[in-house]
Amino acid sequence: MDSDPATRSSVIDRTRSDQLEVLKSLSRTASTETEFSTELNGGARKSKVVGSSPAKRGSYHIRKSRSTQLNMKVDLDEVSNAALSRASSASLGFSLSFTGFTPPQGVADLNASLSDDDISPVGDLESNIKRKNFIVEPTLPIYLKFTDVKYKVFIKGVTTTNEKYILHGISGSASPGEVVALMGPSGCGKTSLLSLLGGRISNNAVEGLVTYNDETYNKSLKRRIGFVTQDDVLFAHLTVKETLTYAALLLLPKTMTKQQKEDRAMDVIYELGLERCQNTMIGGSFVRGVSGGERKRVCIGCEIIINPSLLFLDEPTSGLDSTTALRIVQVLHNIAEAGKTVVTTIHQPSSRLFHKFDKLILLGKGSLLYFGKASEAMPYFESIGCSPLIAMNPAEFLLDLANGNLTDISIPSELHDEVQTNDMATDAKANKPSTNDVHEYLVGAYENKMESKEKKTLVSEDFKECVPAQHQKKMKREWGANWNQQYVILFMRGIKERRHDYLSWMRITQVIATALILGLLWWHSNTATPKALQDQAGLLFFIAVFWGFFPVFTAIFTFPQERAMLNKERAVDMYKLSAYFMARTTSDMPLDLLLPIIFLLIVYFMAGLRQTATAFFLTMLIVFLCIVAAQGLGLAIGATLLDIKKATTLASVTVMTFMLAGGFFVKSVPSFISWLRYLSFNYHTYRLLLKVQYDEVPPYLNVTDMDKGLREVVSLIIMVFGYRLLAYISLRRTNLRSAA
Ligand SMILES: Nc1ncnc2c1ncn2[C@@H]1O[C@H](COP(=O)(O)OP(=O)(O)OP(=O)(O)O)[C@@H](O)[C@H]1O
């Protein structure tokens, strides 16, 4: 295939145009640097065309990676700093103008800033540091091979469960240096196949073999595989820079210093052209943030920050304009050129985009319609009698075919004959094959013409040979930071992400308004008469209910809302679940404890509660304890159900039960249900608040067995830890289930 002159000339044409782009981007730099860079790119590209056998292809990629690394070393040793920033980055195809990530005006500005005449030594030094090509750092080259992959889902009915195959025996491969596009109509199984290849689905519903350098998926690969999901999973309130810095701090190896990790985050920002929005919030449904294209680039940045050997992307260009899409694909191209393997699903690429892909997997209804070089797809379909009758974007043509739509496409003679036979039999006049006929014809044609050949090639390819010896031993699973560091990083991230929620004027106003209303209603209450004291006890009960109710309904959202993020980050072993859990539960505390202070400062003095410092601070401590216990319950409900609707329903029933069992509304509770009050944090808090206000709680308040309050304190402390333990166990169970 590789020796085909047409292909060779098309690739060489592409090589030339790429060289031209490099030349353009280097137009302002010294001519010696231009020669150096063009030779590098051109040399590499030409050898790519010549390599024909898989082994040769493999050794080419290694050679290419090695030569890249070697050249980097030579650069470092021999080239001056100023030249390095331009020559090495541009020669390896990573200059911003090459990746095309800055708008035309920006490119011009950037090039101008890089011109020898204009740049100051400081600026040059800065750009030299920030624009380091971390992607060319050596990584394990990964050869991905998949043979006869099938995937079925179980569709549950009321009484029965049916199996449905989503993928019907897909075979193919992807090598380092290649960008493989996965195309097909919506619902044809692209995401399923990508998830399966990325090790995200591994259960008994999967059949066939997926290997990485001839070995099946193992946990050591987690850190070598980047997976950009279709939905952008990011924290809305973090800025671009914060998002990438936290990812770098958690993911990069312990051998790197904090400064080096932060520098890497900046390298990614510059690599993806995000410098202009680095301090902008990501944003989400309720907060305006970066644009869709920028958000997608941040997602890609979070994955490439670890310099993965194998990168999967699910529709990285969906919803973007063609120029932004082209920029993203150009980055993927650059990543592949550094010796990585890139597999991406793509919906409807423009023809410019289509020509950027090395290989193409075309799916239709879960079956393989084509696997091979993207440049050979059109000749292949022509050879089976399907070609466009008008000038058409190849991607559009292929998607029409995969959809079974033959408008403006020539009908192959076999299908034509079949239609006529059917028409005669049924006396119909449709004169057009049905989508099913087209699908079956294409699947059959691929099986007859290509599949056996491709399968033979896959079997004969021995990728191990092509992997450098030092990479062949299995990598140990390793964490980027130790437990304490993970805890501190996640704690800080939690505070940053939620500072807006907690310090939002809505919440503060809500608490202040409630406190003022309570203060006015109980204005200078006293304990002179039993009736007045009962009134005041009512306020204490309300405080116990309010600060039990409020935290539960804040905490139940914690884990359901972060579920997608947790799954994504745990899939790459970003941190230990225990570190996340501890950080997540404690990072809420400082902010959660600020509001009750404001509340009590208002209510306590307006209502004229016991005017001693001890009583005030003890009241505050009791409210804190109640809040932390109530949060635990919210976390446990959220972590167990992981569904906001279900969690809210269960929480409202539970909180209402606890409130009723709190001892204020019902005085004589039947004995068979009276145990319920011991589970209620409202009950314990109310009793403690009474104890603080009135050393001897009067009998008409119906509070019996009240000693020094130790029992209530111990009960609340048990709840603080018990509910959290329950939440952790639930989360671990769910996490293990989703990892299985
Ligand atoms: N767990 C599941 N249960 C039932 N059906 C499923 C399940 N997962 C996937 N499917 C079905 O399998 C088919 C393929 O889904 P998949 O998400 O892989 O398609 P896709 O090609 O990525 O689609 P799109 O381009 O629209 O994202 C769809 O019809 C989908 O409804």
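Backbone N, Cα and C atoms are what each Cβ position is placed from, and that goes for glycine too.
Copied over from TrEMBL, here are the features:
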COMPBIAS  26-40  compositional bias 'Polar residues'
DOMAIN    144-390  domain 'ABC transporter'
REGION    23-61  region 'Disordered'
TRANSMEM  502-525  transmembrane segment
TRANSMEM  537-559  transmembrane segment
TRANSMEM  591-609  transmembrane segment
TRANSMEM  615-642  transmembrane segment
TRANSMEM  649-666  transmembrane segment
TRANSMEM  713-731  transmembrane segment
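In the predicted model, residues of the domain 'ABC transporter' (144-390) average a pLDDT of 90. Only pairs six or more apart in sequence are counted, and the transmembrane segment (713-731) with the transmembrane segment (615-642) gives three or more Cβ pairs under 8 Å, enough to call it a contact. Within the chain, the transmembrane segment (615-642) has long-range Cβ neighbours (under 8 A, six or more residues past its boundaries) at 543-544, 547-560, 563, 585, 588-589, 592-593, 596-597, 600, 604, 609, 650-651, 654, 681-682, 684-685, 688-689, 692-693, 713, 716-717, 719-724, 726-728, 730-731, 734.
Same-chain residues lying 6+ beyond the ends of the transmembrane segment (649-666) with a Cβ under 8 Å from its Cβ atoms: 537-538, 541, 544-545, 548-549, 552-553, 556, 633-634, 637, 641, 676-677, 679-683, 686-687, 702-703.
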